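S.K.: Below is a structure I'd like to ask you about.
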Amino acid sequence: MTAPLLNVRGVETYYGNIRALNGVDVEVHRGEIVSLIGANGAGKSTLMMTIFGKPQARTGSINFEGQDITRLPTHEIARLRIAQSPEGRRIFPRMTVLENLQMGASLDDLKHFKEDVEKVFTLFPRLKERQAQRGGTLSGGEQQMLSIGRALMARPKLLLLDEPSLGLAPLIVKGIFDAIKKLNKQEGLTVFLVEQNAFGALKLSDRGYVLVNGRVTMSGTGKDLLANPEVRAAYLEGGRH
Amino acid sequence: MANVASTTASAGSELTARALREAVFSGLITLGLFVLFVGLKSDQNIRNELILNQRWSLLAIFVVVAMVGRFLMVAYAQPWLAQRKAVKAAAPEVAKEESFFSRNFSKIAILALVLYPPVIIALFGVQGSLKWVDNFGVQILIYVMLAWGLNIVVGLAGLLDLGYVAFYAVGAYSYALLSSYFGLSFWVLLPVAGLLAACWGVVLGFPVLRLRGDYLAIVTLAFGEIIRLVLINWTEVTKGTFGVSGIAKATLFGIKFDASKDGFAALMGLPLSSAYYKIFLFYLILGLALLTAFVTIRLRRMPVGRAWEALREDEIACRSLGINTTTTKLTAFATGAMFGGFAGSFFAVRQGFVSPESFVFLESAVILAIVVLGGMGSLTGIFVAAVVMIGGTEILRELTFLKMIFGPNFTPELYRMLIFGLAMVVVMVWKPRGFVGSREPTAFLRERKAVSGSFTKEGHG
């Protein structure tokens, strides 16, 4: 296999004196969907934020396309074409849907704005209907679509999704997962997904990691993890009802 | 409250009883609040002894006014308002075509401002126009410009700045000192003053990059005070509290506004009057204010302006979209400060005198109040707010007939801040997002639509 697109090696992240990540190794290869599952407080979002340089890893290294990004400031990491749909979506509430998408395209100074907006609108037709509406007036699902759409506007090489299913109805979650799958299949987009919804995430993914107390305890293909009795016991039984 | 329209007799008497009860309560509260403020007054008698004057009748007036006011409010005003609301809710929503006036408000307003001096001269004569052009026109436009400048920092970038007057002071002193020490002209020093103020904007910006909201407000407040205190204490250069006087006037393409042979009046064959200079200043500040508005409108459509607005909404999201929040904040501070500097040098040239007295915290507060009342981010709203607030305080000076009612010692402008505060409370109760709460979107594929402010809570953008 070629060198991974994103390579996280032995990363430890602290909040003050509290260690949130305890030597995490994760690899994401081009064209893959990789998911990271784990319980509340396992450090999933911390890993996501550490990749984006806030907070920075105290030890270990993060490489993207062979470049060390461990100590880069967030906005410079984003300029390497890593896009993120952050936890809690973080759309701009007072700006319209279209303006939100515009912000996503600011890296290239809107050179291919029209073209990319059409792509996002094809992927999420709901956003087209709501294009002149304020981001804050959208429903949760629509906001999630907008958040992903905004990330896609930067033409990312790697898309990080932090709990896209958070607080959404199952049908909408399915729609969003389908959209992610479609992006991966059609555009070859590499996706790194952090999820509590382990079943949905693993079904979607090529590979998966299980994070427990800031440490990766298991990894494998999505199928293997789904079939793994420990994973089933910890994250799936009860979760599927 | 929806069925107030069909009030029965019993409900009516119940309402009266409630109104009476609340009137008594508010009377008691007023009594408690004002007994020490109004009822008693410490004074000195002839022998310099401290004595207490008792003013029970005045206190009684306060209490009665509060009681009657509350009674009328509960018994009549509230039912009437509720009824109106019910009628409005029952009426079907009619898609209202915007009137010609509201669609073209800005164009009409600019035209009116350009025509303002000639119209005033026609009405009051050259000498009579002085007061109207200077006190109302120039004074209001200075605040319009300052508020538009502050709007870039507070309204667009969402950085609460309580020390904006510092940049105004930097601009004013830049012109005053550089012109009196080096004899440079206004037109040379105007950009210089803007630049210096922008530099100070960056200087303020650096230490507060990590701060937001209340913390930022405190530091900017301190910054404003530091600048003022430096101006007071650096006496060798700034002449301290005496201020700098005899500041050179501005010229129009080298033509001076004075009594000399090649002065403006002589050249134009007009009788000598200071009104021409004031009218010139009026157009100058109008031009500067319009420049501020133009730049703001253009910047909003450019990457940096969009980044400011996004920064106001969500800083973390901004960073993850590759926006350098450091430079974005600094440009907001610098741009806002630059317009403050322009306004400051205009202020110096208009007054011919600057002293630290003019740059107290109250000025910052007034400018910020105008921005908030106008509706953060809306140029039209801010303009209206400045006209109402500054024009209103100027009008207070004119209300001399009140002396006939309250006696010859009554000076209405002393009540300026009271009315100012009252007006703010009223506006914030009725229009919590300011006069113009909607913002114009900057991205369109086909048609443009104003985005109403009423759908999101205050504080959420």
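From the backbone N, Cα and C atoms, a Cβ is placed for every residue, glycine too.
Heads up, here are the entries from TrEMBL:
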- B:23-40: transmembrane segment (TRANSMEM)
- B:56-77: transmembrane segment (TRANSMEM)
- B:108-128: transmembrane segment (TRANSMEM)
- B:140-160: transmembrane segment (TRANSMEM)
- B:180-203: transmembrane segment (TRANSMEM)
- B:215-234: transmembrane segment (TRANSMEM)
- B:275-297: transmembrane segment (TRANSMEM)
- B:330-353: transmembrane segment (TRANSMEM)
- B:365-393: transmembrane segment (TRANSMEM)
- B:414-430: transmembrane segment (TRANSMEM)
S.K.: Between the stretches B:23-40, B:330-353, B:365-393, which wins on the count of C-beta pairs under 8 angstroms to the transmembrane segment (B:56-77)?
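M.R.: Selected stretch: B:23-40, with the most Cβ pairs under 8 Å.
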S.K.: Any residues 6+ beyond the ends of the transmembrane segment (B:365-393) with a Cβ under 8 Å from its own?
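M.R.: Contacts of the transmembrane segment (B:365-393) (Cβ under 8 Å, skipping residues fewer than 6 from its ends): 105-106, 109, 136, 139-140, 143-144, 146-148, 150-151, 154-156, 161-162, 164-165, 293, 296-297, 309, 413, 416, 419-420, 423-424, 427-428, 431, 433-439, 453.
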S.K.: With a Cβ cut-off under 8 Å, give me the same-chain residues at least six positions beyond the ends of the transmembrane segment (B:330-353) that come close to it.
M.R.: 138, 142, 145-146, 148-153, 156-157, 159, 161, 164-176, 186, 189-190, 193-202, 204-206, 209, 243-250, 281, 284-285, 288, 291-292, 295, 299, 304, 308, 311
